[in-house]
Structure formats: structure tokens, C-alpha cells
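This report refers to the structure that appears directly beneath it.
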């Protein structure tokens, strides 16, 4: 034994890389401790001890608690296990490398074992292989190239032998077709072989037909001998790494027996038998077969028997590795399913995904959740029961020793207490349930560790599955409370997507101080008020809070002093118990002092004068009447000036999540996260208190329609039904005008559907007119807390048309939907129109149709969840290791640049205040004006404003902003200055300040200080919006695209609106885009025209593009038989050609027929006049004249006479913008190139929605833009807004290699290098075996790999390499040492 190099034990060793490879039989023997030879597991005597040299020999480790390992003497927990080996009597193919073996056999000569390349080619490839930076991808590509070259040759350059094709044949069998040849000139080797059988054929005629199928069977022994003879200089050309394994290692001659701890035997006491692992049983079978073959060989059995046993041995070895083999013959198939090695690794429950990438953790709890508005938004109530079990290891120090003593005395049963003590020097843990706790408490020393219960103020992680985005797990502060549920403030429901109908949530207590700090700063609720998807607030008021705040701020809500004080007092809870509150002066003094609800709401924003918060907001509410701003008739224009609500009632837009005009959002952006969180907590207490005191309930009375409403409803229904009858009548008489691109039937459906949905909408608006404003459902719909006007009108007036995949109910019976109606009935009721309301109840047929629509919704949701879940997993896997670096680029873990600057401007999507813009200048300016009134300063004129701005922006602190941002500011200031000039010109105010009255200068007033503050604020906000280096931009992008996907509809409703162009939308469309599918379901090319205001011109171009068949423009095509001749006569319809504006005549038709695939010669087609074409058939060897005539008659109508064959149809789309009609073409089909080249189409303004098509035609940059536009278009269509930076990152990742790679297992394998990452995604075993074959090195650097290896990943905190070196004191204090006297000093001789 070589002495191991000395290492300090506590130094962490980091894995730098992993090499994959194959073990040679010799290495296996060296690694193993024993050779396993016995097929029995236990000795047959009464001891039942594991047999020596058996599969369960205890020298390979131990699987029982009470028996130590016999090799190293350690117990079950410490012994890693030791290997054994089995020698196979005959070699077998390794099922994992079977494809690789065939690959090598195709590349080498089967006679002399050299690779089938000439010397020059060898040299060329070897030079290429010597390149140092050869990536895994290039290696795989090169192998394919060499393989293709070798397979084309069949004469070996080295020995001149003939080689046929090598194929897999049946299960684990390979054949070499040595004597089969397709060439006209037969190779001499083959002819010799055939001649040798001549005499045999003479005597036995049956041999002859079989001779052509002669082939060589390559069994493992033959292959092994071939592989051993491959020359060493040819091995690199097989792309194998000689250090990681030789070709002969691909064939099993020895099997490693894994240690016992991997395959434990379970002892069950019933019949004192044992339960063995699948691997153990397979190994015994293999040993048994080995013995059988050995006996056969010694006794000299028939070759056939040995061959059969060999096949069976081979199958057992294959099942040992991968038990899910396909194609096993029935007589050999295993009776029961077992788990092989591959099964242990693959799949969600396998080693990679189940135990390495994700694992269960300690110190976590899970229980049901319930709401509690008295908690602050960053708190969570933890049951005492949980708090006693979750502990935190706290070190004893000067500050906390008395506190911890008290906890130790309380012990594990009383909360707050402690469960264990670990003393500083001993590694022993002492359990506090037993023993003298008083004594232990007194003996506490500094540096001991006390495992104390969870107490108030601990940082815990709180999570709800499914965790679709990073806000699904956040850090809260714990509050220990009685009862048995987790409770939290309802404002935090949205990010978790939680409701309280029995949801459960998980809680984890981080175990170190660093983890606590990191959790609080990075994952704290307050730090995540906005979503990184687009910077909108997610944590905001919901449901009751909205209703309460809405009712509180209505313009007729007044309170006397007692009531006002009582409501305001509800905010004095918990931390806020001691805050000062200043009651504002009453609004109404006589006859009694009254306060308005708006004043009370202002107290939430700013309770007292000590509070610095002065928020400003002007925005439209939900029911804004459209004119007069703050004089809106519905009081729905919200104005907040310096934290006082001046006008408007609060609703979802100003308090709820998902809008940037939210008051909490303003507080967050201008005053910081703590102020926003405090205001939200105050609202969460005050609104429910007010609401429950005022009373707010909903009952059947709220949805009872009045007489007037019923009458209005019947009138509406009658009018609508009458109109539908008219349409049906028009269809029957043939007077219905068709919509472009639709048949008459489709047009009718579209018209009726439109008409019936109008009925419901009108009934709904009639409802709203009738209902009293105190009606509860109406109030909820108005303030946006729950429900919509459609829900109300369905309850009160009419449920409306039931749509199934976007159209009316289809026919389930013969020509009718249900047997209650007449056949071919097109009436509204027969096709799923529900005229009743939920209040009046549905008739049986209506109910049936209603359940049909409901069923569709349910199925849709269930399917959608699985689809989007898988899509999100793929997105995360491919984007996870992208990270913004210190040089502002975005790179993957291997250092490939994906973007030169994140999103084109390096800004963080979460910090955007406008739509995709970092700032909304107008709001910032209004805010500055309100907070800094500067009463004594003069107002600036237009020119002064521009000059002041430019002088401030020349200062050095503005150098850090990008030029484009500074341009934006200048543009905005210019707009403001123009407005000032307009106002001053209108009122005749001069710029030198002498106009009377002086008050005119207050109009659009802006002062120098305000300009300066404005520019400073802009600069600060811009710098704050920069993306931090180290941010995991990829993961954020994946979540921001995947998470809205779950809220989209899955099925695509083909709406018959847009000139009936059906575009796929929703999840299937997103899936198509990110899969980079070559053939998408609805390819559409949008073509702008050279003249876009002329309808006739549009029709002309449409004719040039749309595929027109001969059958569509001919009056008749008929066969003509003359006595001596027969031909087909085609009569063109000149009228139809003229109407369709086609550029077709008899001559062009003749040309089209000749160039089509009908095999008609130009001499056979004659043109008579302008409208008649005759085609004469020709007899050929295969068929007679009559049949040729019939074929022609069949195929002539399908000849394309004009247009692009791939285009099925084109529709003229009319854009009515600014009063003018603009025409463009929507072309269905793929052939962008041909459409762009069509005369009359503006080629530069033609786009397609098929990424592949665009890449083929216009290149990779155009494809990237297409991906961006298509994803954005799909999202916007579903009302989702995603910051464009996310979409840009995704499209850059898909296109940065120079081709469009889909986010699928194929695209991922082309993007990523790392074996571990690919193995943890899909096809685990294939990737691992491939890596071993190539001898691949994995330099653990990506996210997946780091998690699997358990080392910190280089993203975020792991990104930087330099640490700050603290300043040291140059002369540190010296301690006097014992021997520090001069006589002990040795003089230094220099």
C-alpha cells in the first residue's frame, strides 16, 4: 500500500470535474475484493449464514445493523461497500453499448480490423481530432461524418477484403451481409463464394434460393476478437478516448457485483425467510447460467444447446442493466418485472431527479392554511405544536446566555423551550427531556449550541406547490400562535396562488445565521412585492379588502367622531400599537361634525405628521365616465395629493394586484418597501373591520329580477330570435351574402353566434340599469373584488349561448343536437342557447348543453396543467444557467455569450415603472411638484427650462446613464416646455415676469429646484433599475414565460371574426414556437401590397398568390370519342377568369399542363380558340389507351394553373385606420420566398409566423425577431403582459448557435455540453452510456451539475472570484511571551 498523502481533515475538497469511461476487465478485478462463484445465497445448514464467495458475501459490505463489514470492519452507516466480480464463461454484448458496437463494426473492416478510410482521409481526420477545444457536440458530429464515409466503402484499403452492411437482427444479435451485393459487376470474392456451392446446388435444388441470403453472424466472441485487433492508431478515429476505455471493453467478459448496501436483503420474521433485491436475484441467475454453460463445455453438449444458453445468458446480462428491453422473444421473456440499473437512475423517482436534483429536507412542516388579516404581510402564524418540533441551533454568547438558560429549563414540552444541547468540546448531544435541566442550564458555557424551539421573529421559508415562479417561496417572520393551522395575511395570496378551501402549505426553518439573513433580504415578502415578469405588484389587497375600501371611500360615506375613532383605532395592533395617529379636521362642522370615508382612508397612508410619506397619484378608476378628470360623475377618477385622497373611490385598479397605478406600488417606488408593506397591513386591518361593522352580505334577493327587467329581456329575446329566423330564411332561399373565405353554412353560424351573444350583453346592460347601487353582487363587480357583469347578468337575466370549442353545440344525433328538436333545426334553442337565468332555473335540454360547456372547461384545465408543467420544466432546464456577468453580458455556464447586454439595455424587468420602460416621466414630475412646491421660486419659461435641463445633465453624475435614456428625458422635457409655451401664448403671458395678475404664472409652473430634483430622481431610479450582475436571468425568464402559460386557455377557439383566418393561439402556439416546429398548424404570411388602398389591385395580387386549379376555372372537362381518335376537351370559363382577375388564358393552361407531373408531351396538347384546350392521351407499356384517358380525366382538374402550390388560400384583410381603408393579404401556407417575390407584394414588409420558414428565407436574425413577435402576440392576445426582455433572452438562446434550436431534448443536446445536465433532463441512460463511450469530461459548472454534486453554483453569490481584503492594523498588539528575553535569542549571522 502506498502511503496516502497528508491532508488536513477539515479542508473542503471541491470536485473539479468528472470523467466518464468504461472499466476494463483487469481494472474490475483490481477494484473488486472477491470473485463471486457460488450460485447459492445462504449456507444450507441451520445457521443460514451468507455463503462465502456467494452474492451476499459479507466481505462486500453489510446490509444489517448488527453485523460489521468483514473487509473494513465498519458498521452499516460508515462502510461504503466493496465490489466483487463474476467471470462470464462466454462474452456478452453490453446492452448500453450495443448501438456503439454496431457503429464500430460499420466503421472497421471485418477481416483486418483497420478502419475503412484511406491514409489521406485518416490523416485529415486525425489532424482535426488534435484540436484542443473540441466540444462534445463536435465529437458527436465528427463520429457521424466518419461513420458515413466508412459505410460508403465496401473494399478495405488495407487488405482489400470485401465488406457488406452490418445490421442489428433480433434481440442483441448482429449480422454482416458479406455476400450480398447490388452492383452489376459482381465482386470476385462473392463470385468465388457462390461458385463453391455449385456442386451442392446440383444435388439439392432447394439451396439455390437461400444462397442470396447468406450472411455472417457476428456473435460476441467474434466481435471481441475483432475489437482486440483494432490497431491503436485507429482508436481515436472511432472517437473513443484511449484513456477512458478500449473498444474491447464495450463487450462484457466480466461483471462487477455491486456492494451489499446498494441491494439490501430485507429479513421478514414471518417464515424467517428473506426478501432479496432484484439485482441479487439477477446475479444468482447469471452465475447459474454460467455454471450450466461451463458444464456443457466440459461435457461437450450439442452446439445448439450451448448457443441457446448463451443467448439466455446474454439476455439476463442485458436485463440486469436495463430491465425494460423491448423485443424479447416470448419463450425467454421474464415472468415478473424487475428493476435494473437503468430503472434506478431514470424518471421522476429515479436517482437523478428523485435523490440528487431534489430531496426531502429536515426542519420542515406542512399543514392547512387559513387567513388572518391581523398579521402583517411579512408574518406567518405557526402553531405551537409545530414550533416545539422545529428547532434552531443557537450558539451561546454573552448577549443571549440568560435567555437560553430559561429555554433549557423549560425543556422540550413547554414553549418556548429547547430540545437538545451540544456542548462545545464534546460531540455528544444531550436530550433535555430527561436529566436535571436546572443543572444543565447553570452549566451552559459560551460556544455551546442550544437547539431551541422556533420563537417569534424567526425567519422561515413558506411555500405552496405548484411552485411556478420564484414568488411561490418567500421568507416570512414567524409568530407562534395556538391552534393548528398556518395563518397569513390574505394580501399574500396572489403570489402563492392560494385559497383557503383546504390548501396546505410547507414551512422550512433555515438552520444558520447566514441562511436567515439571505432569506430575509432576497426572499423576504417585502423584497418581493412586485413580480419579475413585468414589474407589476403582486402582493396587494384582495376581495374583502377591496370591497371594504371601496365602500369606505364612496362619496356618501360619513362618520361621527366616535365611529371615525373606532374605525381608525383598528390599525393600532401589534407593532403599530404605539404609533401616533392624528385625526384630521372634520369635513362637515354643522349641524354635527362628520368625517368622510376618504379622510379615514388617508389616515391609512399617513397616520400622523411624523410620518414622512407623501404619496401622489392621479389615475382613472374602473367606472371613469370618460371626461372631466377629477369631476367624474361616477367619482371614479382617483387623485391622491401628498397622501390625502382628494377624489375617487378606491377599487381593484388602485389597490389590487396587476396594475402599476396601484397606490401601494407608488409607495414602494417612491418611499420604499417598508412604507408600502406598513400601509398594506393597515388597510388589511381597517377594511374588514369597517366592512363587518357596516354589514355586507349576499342573498337570493340580490339576484331577483324586477318586472321591468323581465319585460326588457323578453323584448330582447324576441328581437334576437326574429333576426336569427331571418338569417335562416335567407340561407334557405339562397340570399345570404357569404363572408370572405366562408361557406354559406359557416357564415350563418357566425352571424347567429354574433346575434345571440349580443342578446346576453344587452340583457346584462339592462340588468345594470335596473339594479340598485346598494346591490351586493353589483358592488363587488364594480370594485373588482369578485365576479363580473357577465356573472350578474347570467344569474338575473339570461345565461346565453353555450359555446363548445368556439362554435355552437354540434350535432350529437342524426342532423340534430338532441332528439327533442326537429332534424336540421338551426334554431337558437336547438343549438345551445340558454334563454333562462340561473334564478329562474334551466330546462333539461338547456341544462344538458350547459354541462357540455362546463365539461369542456374541466377537461381543458386538466390537460393544460400537464402540458404547461412539462413546458416549464423544459424552459427551466435550458435557461437555468444563464446569468448576467460583471461585463454586462449574459452567458451560459460554459462561457458562451447569449446576449452582449441583457435585454439590450441591461435593466431589470422587475424595476420597470412604465410599460417596458424604466420610468414614467410624467408621474415622477407630478410627484416632485407636489412634494417640493418651492413657493418662493419663479416659474421657468420654455427656453429657460431647456437650458436648465441641459446644464444639469452635463454634470459628471449623469455620465453613468446610457445616451438613449438621456435622449428620452430630453424628449420629455421638450414636450413639457412646448406645453408651457402653448399655455403662455394662449393667455398672452410674457416670459419676463411682468404680466398681471401674477397668478397666471402658476399655470404649468415648474421651478429650477423642481427640475433639478426631477433629474436626480430620474437618474437614481434608472441606476436602481440596472440588472445586478449574478442575477439568474435565465431562470426568471423561464418562470415568466411558463407561469402565465398555466393561466392561458389550452384549446384554440377559431373565432369567425378576422376574415375567418384561424390562427392557433394559447398554449399550443407557445409550444410550437419554443419547440421550433418545422410544420406549424396554421402558417400565415402577412403580405403588404405596393398599392394598399386599391381593392381591385389587392384582388389581382391575391389571384397571383392563391393556388388556382384547372378544375376551378373550367366550365367542363369531358372525354370525346371520335371514330379514329379520342381526347379530353377542357372548356375554360372566361367569365370566371375575368371576375377573379386571374392572368390565365388557354396558352398558359397548356404550359401548366405540360409542366405538371402528368407525363404529357407538348405535342399532345392542342389549343383551339381562346377557351378550348384538347389533351390527347398516349398509350404506354403499362396501361392501355382507355386507362390513360381515365387517369388524365381524374388528374387534370388538379393541375395548378396559377399561384403558389403551397398556398391553399389567401384572404384580403381590410385595416380601417384613420378613416382610410388599407388592404393587405393574409396568405395561408408556407412559401415565404415565393410570396415575397410575387409581383405587387412589398417584399420588405412581408412577414410569416413560421420561424423555420423565416430562417430559411431571411436568415437567423429575422428568425429571432419572429420568435419575439410571435410570443408577445400570443401573450397579448390572452391579456398577459410579459416584459420584452424575457422574450428576447429566450429567442436569443434559441438562435445563438446560428440555427433555430427548439427547447426539446434534441435542441437541448445541441445547446448544452454537460453530461450530468442532459442525464438529469431526459434519456438518462443513453446520455451516460454515450459519455462513457466518448470518454467525456464534465467540468461541473452549470446549475444542474452543481446541485447534483452538492457544491455552490456560480450564479449570484457564487459568481465573483475576488473577495475584499480587510485593512489590517500595521502594528498589531504584542503579547509578552515566556521566553521572550534577550538571553534566549539566537543572534542572526548575516
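Any Cβ shown, glycine's included, is placed from N, Cα and C.
Keep in mind that this is a model prediction, so the values were computed, not measured.
Classification of residue 69 (Zn(2+) 1 binding site) by DSSP places it in coil, neither helical nor stranded. Among the features that Swiss-Prot reports, Zn(2+) 1 binding site is placed at 69, 72, 79, 82, with the record citing experimental evidence.
For 144, 167, 1159, the entry in Swiss-Prot reads DNA nontemplate strand binding site. Annotation note: residue 144 (DNA nontemplate strand binding site) sits in a helical segment as assigned by DSSP.
For residue 360 (DNA template strand binding site), the number of other Cβ atoms no farther than 10 Å from its own Cβ, over all displayed protein chains, is 7. Mapped onto three states, the DSSP output places residue 360 (DNA template strand binding site) in coil. Summarising the annotation, Swiss-Prot assigns DNA template strand binding site to 326, 348, 353, 360, 366, 1305, 1323.
Long-range neighbours of residue 445 (N6-acetyllysine) (same chain, six or more residues apart, CB within less than 8 Å of its CB): 396, 423, 424. Positions annotated as N6-acetyllysine by Swiss-Prot, on the basis of a large-scale study or a structure entry: 445.
Long-range Cβ contacts of residue 464 (RNA binding site) within its own chain (separation 6+, distance under 8 Å): 369, 472, 496, 497, 498, 503, 505, 506. The RNA binding site annotation in Swiss-Prot covers 464, 503.
Taken from Swiss-Prot, the feature Mg(2+) 1 binding site covers 499, 501, 503, and the record attributes it to experimental evidence. DSSP gives residue 499 (Mg(2+) 1 binding site) a coil state; it is part of no helix or strand. Residue density at residue 499 (Mg(2+) 1 binding site): 11 other Cβ atoms are found within 10 A of its Cβ, drawing on all protein chains shown.
Look at Swiss-Prot and you will find 499, 501 tagged as Mg(2+) 2 binding site, backed by similarity to another entry.
The average per-residue pLDDT of the prediction over the region 'Bridging helix' (843-884) is 88, rounded to a whole number. According to Swiss-Prot, the region 'Bridging helix' annotation covers 843-884.
Residues or ranges marked as region 'Trigger loop' in Swiss-Prot (evidence: similarity to another entry): 1029-1070.
Cα distances from residue 326 (DNA template strand binding site) to the binding-site residues 69, 72, 82, 501, 1159 are smallest for 82. In this record, DNA template strand is bound by 326, 348, 353, 360, 366, 1305, 1323; the longest C-alpha to C-alpha distance in that set is 42 Å. DSSP states for the region 'Bridging helix' (843-884), grouped as helix (H, G, I), strand (E, B) and coil, give 36 helix, 2 strand, 4 coil.
When other Cβ atoms within 10 Å of the Cβ of residue 1305 (DNA template strand binding site) are tallied across all protein chains shown, the result is 15.
Most buried of the binding-site residues 82, 348, 366, 1159, 1323, judged by other Cβ atoms within 10 Å, is 82. All chains included, 12 other C-beta atoms sit within 10 angstroms of the C-beta of residue 144 (DNA nontemplate strand binding site). Ranked by Cα separation from residue 79 (Zn(2+) 1 binding site), the binding-site residues 167, 348, 366, 499, 501 are led by 348. Reduced to three states, the DSSP call for residue 1323 (DNA template strand binding site) is coil. In three-state terms derived from DSSP, residue 366 (DNA template strand binding site) belongs to an extended strand segment. Shown in sequence order, 59, 60, 61, 62, 70, 71, 73, 74, 80, 81, 259 are the same-chain residues outside 69, 72, 79, 82 whose Cβ sits within 8 Å of the Cβ centre of the Zn(2+) 1 site. For residue 1323 (DNA template strand binding site), the nearest neighbour among the binding-site residues 69, 167, 499, 501, judged by Cα separation, is 167. Neighbour counts of Cβ atoms within 10 Å were compared across the binding-site residues 167, 353; the minimum falls on 167. Within the same chain, residues at least 6 positions away in sequence whose Cβ sits under 8 Å from that of residue 72 (Zn(2+) 1 binding site) are 79, 82. If you take the C-beta of residue 501 (Mg(2+) 1 binding site) and look for same-chain residues 6 or more apart in sequence within under 8 angstroms, you find none.
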